[in-house]
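Annotated features in Swiss-Prot:
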- 392-399, 440-444, 494-497: GTP binding site (BINDING)
- 71-88: compositional bias 'Pro residues' (COMPBIAS)
- 117-190: compositional bias 'Basic and acidic residues' (COMPBIAS)
- 191-220: compositional bias 'Low complexity' (COMPBIAS)
- 383-554: domain 'tr-type G' (DOMAIN)
- 1-261: region 'Disordered' (REGION)
- 392-399: region 'G1' (REGION)
- 417-421: region 'G2' (REGION)
- 440-443: region 'G3' (REGION)
- 494-497: region 'G4' (REGION)
């Protein structure tokens, strides 16, 4: 290869201009204003998009626009330069240049790039047109808004100009009419405010209102938001020359925080004087009031109502104190509490008194205040009938005596001829014509609670004692009840018609219990009567009337009624029915009543004769219909003013009743824990469901069943209530395999069918003693039987024999009693029992016998025991199983 240089060849050289990249980021500094005249400088950067020019150099960055102008429509793309014709090979040879021919792939790539460039150019042109249309529409909207704002500004300026003109005319007219001139203000102090207490007499020139506030005033004002806006005065007292308006509306340091805010209203009212806002005026007034009242405020003392338990938050609210202060006081006393903790009344009282408040203690039982024992005015009282309770031992003739007085026959209608309910009747005295109320009580031991209730509501107790029987246990109990109730006693010695009657013996026996009759020098009246022959009944009524006169029984009938529930039951057709003895006031139909935890409205009143009455006065027994549920016997009845008060009282009493029941259950649990583990785990329960006709009978049944319980077996009352046996009672009994007891009640059709279907036993009773005896026998069957040993005889071993197929056999002589085969035996060696078992073999000579008498010799063998020695003693005994009973 020859290295030659062709003429006309060009040499490689660098362009004269060096390629550089201009920065895309432009920096500027702007000042940002804040409230209270604060500002700071902020560096702003603007990044531009790098564009490459046609010659390969980057285009210069566009200068930042001062005002936003719509971008012009993009110019049409410049036509591509015309392609020059390719030089011929002769021309290439003459120029000395050798051009490389493009390959097919390169020509294809260039064609593709040109096509893509054309498509991209069309797309950019379309996007530019859309952007131009959007900018044009936005410009139209902006122009409309500017025109509307300009119109509003002009209208506002016109309104202000009209108001100023009207005001100026009014001032001029007033000056012309009255000839008054305003006093000139005194020269202001250094702070720009007039001196305190200064007075001026020089006339003051009219103040010219300036549309723009001078900067000097803004700089000197210490609190531009709070202090009133004043116009700066000149040295002569006249208005100072207005300062030129500021050239720029930018906020100055110390200016008000509102001057930096640009709103539409401030933009339109830029030439007006800024007035004090309502909020600023209120703040200034409050601050002045606060400075004026430097005297300490007097603490407001409140009367705080403190219940038995109260939370800290509630206590703080009632005292109008902060709960934090209350907790702080508790912490000083060494108690750590939270805001929702409950404290007792004593602690709450200490806190309230510590904070200077007065305390009024209240209790939950305050809802019962005013229900009972309200003192009546003596001028409003009138005499009332006496209430007499007949008490005594069973079968001493109490009910028969009342039947003779009432000319009725109650005894024949009673089950078993015994009284099991407490009854109330009214009898009219044949001589005086006055009414006497009698209350008949049961005499059996199971009805102790009934007798106690009868003694509490009575004025006089008639103690019936049989002349042939004398003083009995229930007679003594009746005497104790009468003394506990502090009521006088009249002794009625009954059955004097019997041949073996001994009234004197009765009087003598009563002396042992501090009951001294008049015939023996005492003050207790005694009357010998005969209920069967109706002997001396008029004398008994006369003694009762005389005793009532001595008691001087009076009450106020014109007041809300008070009374006592003697008996209560659940009647199937009438609902809850309560026998009530009215003691004070008058009970009327429609009254709202409360008795125990039950309330209601009186729907009907039924007298002892079965008649419906509208009202019942003092000492009148009536049946009351209208309770929500049957009350308990012995509850006190009261009439309240409205249902709200009745609900409060019943709610409180129901809560007390639940707490009492819970405490009893807890106490029983603690006693059971104190018992031994054997007794606790070994006790068997006898589940029962008891339904009775009246509350008093149910109470007596439950008391009797509770007394039957022991450490080994006890009656478990699943449910006890007043009324008939329902299907729900059968369902409950099925779940616990219990027995249902019905006392003077029956099961309805559905309950009887369900009991028969599920195999539940229902037992019906009319006499309480039959019920108690049956349950006692059933509970006795749950007791473990007692094992008792019966000694049969003793034998002494003389010699031991070894017999094949049998083993060791003891040759013995029976020393006492008899020895039986199969009986239990003990082997005693040196007075120590070494074996207990059964006698398996008993032979007399070579024959098997059942028993061997004393003095005879025999052979004995034990079951599974062969360690027998000569000289051992054998005890033979029999074990008997004896069934126990309660």
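The backbone N, Cα and C atoms fix where each Cβ goes, glycine too.
Features recorded in Swiss-Prot, as mapped to the structure shown.
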residue	record	CB count, 10 Å
392	GTP binding site	29
395	GTP binding site	16
398	GTP binding site	28
441	GTP binding site	29
496	GTP binding site	19
Inset, instruction - According to DSSP, folded down to helix, strand and coil, what is residue 392 (GTP binding site)? - result: strand
Legend entry - Overall pLDDT for the region 'G3' (440-443), taken as the rounded mean: 68
Inset, instruction - Go ahead and report the DSSP secondary structure tallies for the region 'G4' (494-497): helix first, then strand, then coil. - result: 0 helix, 1 strand, 3 coil
Legend entry - For the compositional bias 'Basic and acidic residues' (117-190), the number of residues DSSP places in helix, strand and coil: 62 helix, 2 strand, 10 coil
Inset, instruction - Look up residue 398 (GTP binding site) in the DSSP assignment and report helix, strand or coil. - result: helix
